[in-house]
Amino acid sequence: TPDYEHYDDNDMLDANTPVDKTSNTLRVPDILALVIFAVVFLVGVLGNALVVWVTAFEAKRTINAIWFLNLAVADFLSCLALPILFTSIVQHHHWPFGGAACRILPSLILLNMYASILLLATISADRFLLVFNPIWCQNFRGAGLAWIACAVAWGLALLLTIPSFLYRVVREEYFPPKVLCGVDHGHDKRRERAVAIVRLVLGFVWPLLTLTICYTFLLLRTWSRRATRSTKTLKVVVAVVASFFIFWLPYQVTGMMMSFLEPSSPTFLLLKKLDSLCISFAYINCCINPIIYVVAGQGFQGRLRKSLPSLLRNVLTEESVVRESKSFTRSTVDTMAQKT
């Protein structure tokens with residue numbers, strides 16, 4: 001169910017769908033979206049469920065596990081909602097779940113997707129502070145503050161989702177006969193554009209800037225220390241930032257363009273046909289995070305020697321981060337002692 005859905009007479013005259021709905025023919029973008037949804041569902045549910053299981057036992061004693069637990073929960077819940085999108089696309093975007101479900105289910109999908117983005121930005125900021133302000137982290141960084149930061153991320157994600165919940169409605173069509181579920185701003189283009197701009201800035205630009213700035217400074221700090229200079233660090237940085245940018249950019253750009261275009265324009269109609277594919281592309285980010293941190297954090301031989309839960313526990317817990325923080329703390333203290 002596209003979040004930037006517009007109702008107009010063009011929806012009622014779709015030449016690709018017969019009146020009796022007997023044809024199983026789907027557009028190529030919809031077929032590609034279904035394939036992506038299927039892969040993301042299988043990988044995302046299993047991968048994030050494993051991460052939740054591993055980090056749930058560690059969250060009481062390690063802050064890093066709190067970050068990844070919340071991130072995995074957001075991605076896991078997003079993946080669980082995929083059969084809903086899958087069913088709607090298979091039925092030529094017919095919505096068989098009713099009006100209440102039209103408001104709640106797509107809004108929950110958006111809530112979890114934006115929570116995933118904001119939590120990823122929070123994790124990046126935390127790693128930045130660990131490296132550049134380790135003394136403050138040792139004095140004030142605790143589980144309570146981590147849970148508060150996660151609550152703020154979830155709260156902001158909820159605010160970003162409210163417009164979708166308020167303006168999402170169902171509409172019955174007759175040629176072909178089907179029910180559509182989408183966002184209807186009542187032809188108020190200013191409100192629609194304002195919602196799109198706020199969502200773009202808070203849900204994409206700001207997290208992207210946070211990721212880019214944090215990992216750029218972390219990369220510079222790492223490369224300035226000759227003992228830790230390696231191409232692996234560069235690959236981790238490129239993977240995290242590039243995956244976020246690549247998978248979310250089409251969804252955000254098409255949504256912004258559709259909010260500024262007239263529903264009858266050829267460009268709008270083309271973007272509307274690609275909307276499901278853009279959503280599925282953004283969904284890849286829900287299953288890619290566990291893969292990035294596991295594959296980038298360990299060598300191939302190490303992955304073969306360890307069981308997957310054990311490997312995830314080593315990657316997602318606090319040990320390596322704490323050691324890095326303590327190392328910088330000792331270095332800072334030694335430097336201060338030499339100056340006095």
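Along the chain as shown, residues are numbered 1 onward.
The backbone N, Cα and C atoms fix where each Cβ goes, glycine too.
Since the structure is predicted, the reported quantities are computational estimates derived from the model, not experimental observations.
Features of the protein shown, as given by Swiss-Prot:
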type	residues	note
TOPO_DOM	1-30	topological domain 'Extracellular'
REGION	3-11	region 'Required for CHIPS binding'
MOD_RES	Y4	sulfotyrosine
MOD_RES	Y7	sulfotyrosine
REGION	14-23	region 'Involved in C5a binding'
TRANSMEM	31-57	transmembrane segment
TOPO_DOM	58-62	topological domain 'Cytoplasmic'
TRANSMEM	63-86	transmembrane segment
TOPO_DOM	87-103	topological domain 'Extracellular'
DISULFID	C102-C181	disulfide bond
TRANSMEM	104-125	transmembrane segment
TOPO_DOM	126-146	topological domain 'Cytoplasmic'
TRANSMEM	147-167	transmembrane segment
TOPO_DOM	168-193	topological domain 'Extracellular'
TRANSMEM	194-219	transmembrane segment
TOPO_DOM	220-235	topological domain 'Cytoplasmic'
TRANSMEM	236-258	transmembrane segment
TOPO_DOM	259-275	topological domain 'Extracellular'
TRANSMEM	276-296	transmembrane segment
TOPO_DOM	297-340	topological domain 'Cytoplasmic'
MOD_RES	S307	phosphoserine
MOD_RES	S310	phosphoserine
MOD_RES	S320	phosphoserine
MOD_RES	S325	phosphoserine
MOD_RES	S327	phosphoserine
MOD_RES	S331	phosphoserine
- Query: At an 8 Å Cβ cut-off, counting only pairs 6 or more apart in sequence, do the transmembrane segment (194-219) and the transmembrane segment (276-296) clear the bar of 3 or more pairs?
  - Reply: no
- Message: Three or more CB pairs closer than 8 Å, sequence separation of 6 or more: does that hold for the transmembrane segment (236-258) against the transmembrane segment (104-125)?
- Response: yes
- On a count of neighbouring CB atoms within 10 A, which of the disulfide-bonded residues C102, C181 is highest? C181
- Query: According to DSSP, how is the topological domain 'Extracellular' (259-275) divided among helix, strand and coil residues?
  - Reply: 11 helix, 0 strand, 6 coil
- Counting Cβ pairs under 8 Å to the transmembrane segment (31-57), which of 104-125, 147-167, 276-296 comes out on top? 276-296
- State, in range form, which of 63-86, 104-125, 147-167 has the highest count of Cβ pairs under 8 Å to the transmembrane segment (276-296). 63-86
- In three-state DSSP terms, C181 (disulfide bond) is classed as strand
- Task: Using a Cβ cut-off of under 8 Å, list the residues of the same chain at least 6 residues beyond the transmembrane segment (104-125) that approach it.
- Result: 1, 3, 67-68, 70-71, 74-75, 77-78, 81, 84-85, 97, 149-150, 153-154, 156-158, 160-161, 164-165, 168, 181, 203-204, 206-207, 210-211, 214-215, 240, 244, 248, 282-283, 285-286, 289
